[in-house]
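Colleague: A single structure is presented below for examination.
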Amino acid sequence: MPDAAKKVYLIHGWGANRHAFDDLMPRLPATWPVSAVDLPGHGDAPFAQPFDIEAAADGIAAQIDTSADILGWSLGGLVALYLAARHPDKVRSLCLTASFARLTAAEDYPEGLAAPALGKMVGAFRTDYAKHIKQFLQLQLLHTPDAAEIIGRILPDLARCGTPQALQEALDAAERADARHLLDKIDVPVLLVFGGKDAITPLRMGEYLHRHLKGSRLVVMEKAAHAPFLSHAEAFAALCRDFVEGGLT
């Protein structure tokens, strides 16, 4: 069990907010002090231009009194990598799900997404966010029996995504970011959880992280897509429990 002085912090992905974890949090041990945070310009968090990944990591570090277990989803996982590299005294472990060290492809990084594919993927969110975040959730939970109940519970709060400018700047920052040089500086236990059907952060991105984060463990949920903690909430929560309590070494 985590020491009472420690906390578990959950960091959401682009275009979401802390309410993305509303269905996961009740499944985690009641003894854990868990905090889900809003990234700058998302949810209720204020936005000071420009959106900066390092500043976002520093802002979360300022909230942490002692070493904490950090779970980051997608963009939140990228922020978590910067947090662990810049503030190693604040991070006890990392759980990264559907995340990346670099989002866009490069000559030396074929694991990334091609620019046209990335533009097509996010374009819909820019035009009608509320409509497409609901469709995104429906797709993620396609084979989940209580999908409608979950979506009905989290969608109203999740749809409070922040200003269009904040979302655009956060996306621009994610496209520019490259944390590959930080990976060998991270010396904490790392759990990587990826969906086998994820087209946004494909498994190859998780495999890259696994190769370059020493001692990491990669778990693939074959039928999950970009939000394993939603589509496979019980299994995901069990992985988190085992990992944080020392079951995965």
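Along the chain as shown, the residues are counted starting at 1.
In case you wondered, yes, glycine gets a Cβ from its N, Cα and C as well.
Checked Swiss-Prot, it gives:
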ACT_SITE  SER74  active site, nucleophile
ACT_SITE  ASP198  active site
ACT_SITE  HIS226  active site
BINDING   TRP14, SER74, LEU75, PHE136, LEU137, GLN138, LEU139, GLN140, HIS226  substrate binding site
DOMAIN    8-232  domain 'AB hydrolase-1'
Colleague: Around the C-beta of SER74 (active site, nucleophile), how many further C-beta atoms are within 10 angstroms, looking at every protein chain?
Modeller: 26
Colleague: Which residues, sitting 6 or more apart from HIS226 (active site) on the same chain, put a CB under 8 Å from its CB?
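Modeller: The answer is SER74, ALA98, PHE136, GLN140, GLY195, ASP198, ALA199, ILE200, THR201.
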Colleague: Starting from each candidate's C-beta and looking 10 angstroms out, tell me which of the binding-site residues LEU75, LEU137 has the most other C-beta atoms.
Modeller: LEU75
Colleague: Taking the residues the record says bind substrate (TRP14, SER74, LEU75, PHE136, LEU137, GLN138, LEU139, GLN140, HIS226), how far apart in Å are the two Cα atoms that sit farthest from each other?
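Modeller: Looking at TRP14, SER74, LEU75, PHE136, LEU137, GLN138, LEU139, GLN140, HIS226 as a set, their Cα atoms extend up to 20 Å apart.
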Colleague: Taking DSSP three-state, what's LEU75 (substrate binding site) in: helix, strand or coil?
Modeller: helix
